[in-house]
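Participant: I have a structure I would like to understand better, so I am pasting it below and will then ask my questions one at a time.
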């Protein structure tokens, strides 16, 4: 670290660390010993000159707006754990400024804003020499202790990285904390927190050192093709395009020849089995110099397929991402100009690298280069997890989980193993994979019995059903073809509901039931299931056929006037063709589940959602943009974004997926206007990269000014709960749901939605009065309405 650039971290800290390492090694032999007086004094002198604000720099009198001042660089919580240690914020006069954006009119300068959202203070800083100007004054008192604490944490991070593993954590922490004054010390974190931070930094230093060693080994010139082919790690000898088949073939061989090895899940796996599996896995997971060296953009290379976290638990195991040279690419879209090819992008959003891959043979080209270092451990860990999933599915219940996990983890090197999940996490993944294998087998058998037989898919007992008032027709229509089977059910009671309500919703019963969707009627603050459709294969014709059958039963003057549908384009297209005069909107429930799915995909956002009430309210508020007028939607979205901290990924995704560039006004926001920071980010960074239309326009999912019947979450509470238990027992569930719908209609047993929606619409009707504070308006909606995010998290 002593040779790093001044832009990466202040040089005086690093020089001090090297001096400590060279002259005081004997002081750090024992972590429990008290640090030497000379060491503490020397480090205290070095830190005091950096962390203690002086009257000359931080005087009580505010600087003139035109006066040039010198800022002290420091790390934010995010940059402190990266290679940008010592950069991220700039401090002066007891105030801290966060980097905002690069200035076009002043090359080399950046604009920074005060870390307090309520403060309008800004600064312009030259990144080269850290000199600049304070543009606007603050509306709060300075905090000199925060600058001292921030620089002490940076010094601790640099200490852990500079001297590596030779320094005792306790000694380093005590030296750093001894430099804090009596006024700063009570506001600093505890000694245990500093110890944990030091250990994490030291762990990162080890990982970085290991990655550098691996990269050097990977980029060394190849001696000769003949010598390379003799190595056990050559990927040329393995079939890269059939990884899943190789895994399954290996499992069968293990099950046939080594049955005696898996009699006890607690026993240590045999050496021969571990060696055999290690040889097979090493040929798949260990990147070799020949495959991972630098390449020309026009050079054809062979990618290694793997699973993403989402595809690993589906029938697409072994597909979803493509890996080459320590980099991982995620599938983006199919290429029209090159049939058979797909475009893939690097899994890091900040990286512009792209690849074109032929799905048949996994060969292709890297179109753009990366702006970050390769991670060879990720490929090894990803393929080991895929192998574990295939292991669990292939041998079923005949293999002990402990043995399988130990065999697969034994194939990972020490540097990879340190970055991989624990053995308990692998055991849980194995058990989940084995459970999925059982469910898939049972589902295939049951679905084959229902959909693949030549007999009608609906038996006689379900064609006419007695619901307490004598037998009545329940089966509306049935299609029984070899390539497509479907049946539509609607009773006289369901027909009456649809004709009385004229406000309906069309949605899948549940994400776990891909063969059933329901048409519900909104009546008396309840969404009541009225018609049902089961099908063997999803296609646009399925929705059109089902809606035509229901439409034929309704009276000419009783057609639906408003329709709510899932975020499914086939549903909205079919509904618009069958009922062209109806108003079609999208479900706020599904919008909420999509938002929560995005939150779940980001570990940091999910942790903040579960632990921080303020962050949870801000994330929940996204779906309630549906209750904001279209004219105020963009301004409210930007204002909500400005009130958040480090949620750029979530809000960028929501803007590109559900708002789009057509709602961005021509004129940018005025400086200091609410939402002006997010508006500048959208114009400067997002619109230049995302020119495509959003998946769903706000005109489709916005509900402000529409009828109250456009809300269908109460139907979800009643119907989807029954569907999550088993996705194949369709007919019994349809009959039970029909009975449940009649009970709701007769007893009105769900009274809570009535009161909830009254409170909701009382807030929406006061929008003109509450529009001055749109963030508080959205939070109030989120606190009243039953959050679809919570329902999705519970599996409802």
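Note that Cβ sites are derived from N, Cα and C of the backbone, with glycine treated the same way.
As the structure is a computational prediction, the values presented were derived from the model and not from experiment.
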Participant: Which range is it, out of 179-204, 257-282, 283-308, 309-334, that shows up in TrEMBL as region 'Disordered'?
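Facilitator: Checking TrEMBL against the ranges 179-204, 257-282, 283-308, 309-334, the region 'Disordered' one is 283-308.
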Participant: From the ranges 138-171, 206-239, 342-375, grab the one TrEMBL calls region 'Disordered'.
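Facilitator: My reading of TrEMBL: the region 'Disordered' range is 206-239.
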Participant: Look up region 'Disordered' in TrEMBL and report which of 23-78, 79-134 it refers to.
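Facilitator: Checked against TrEMBL: region 'Disordered' maps to 23-78.
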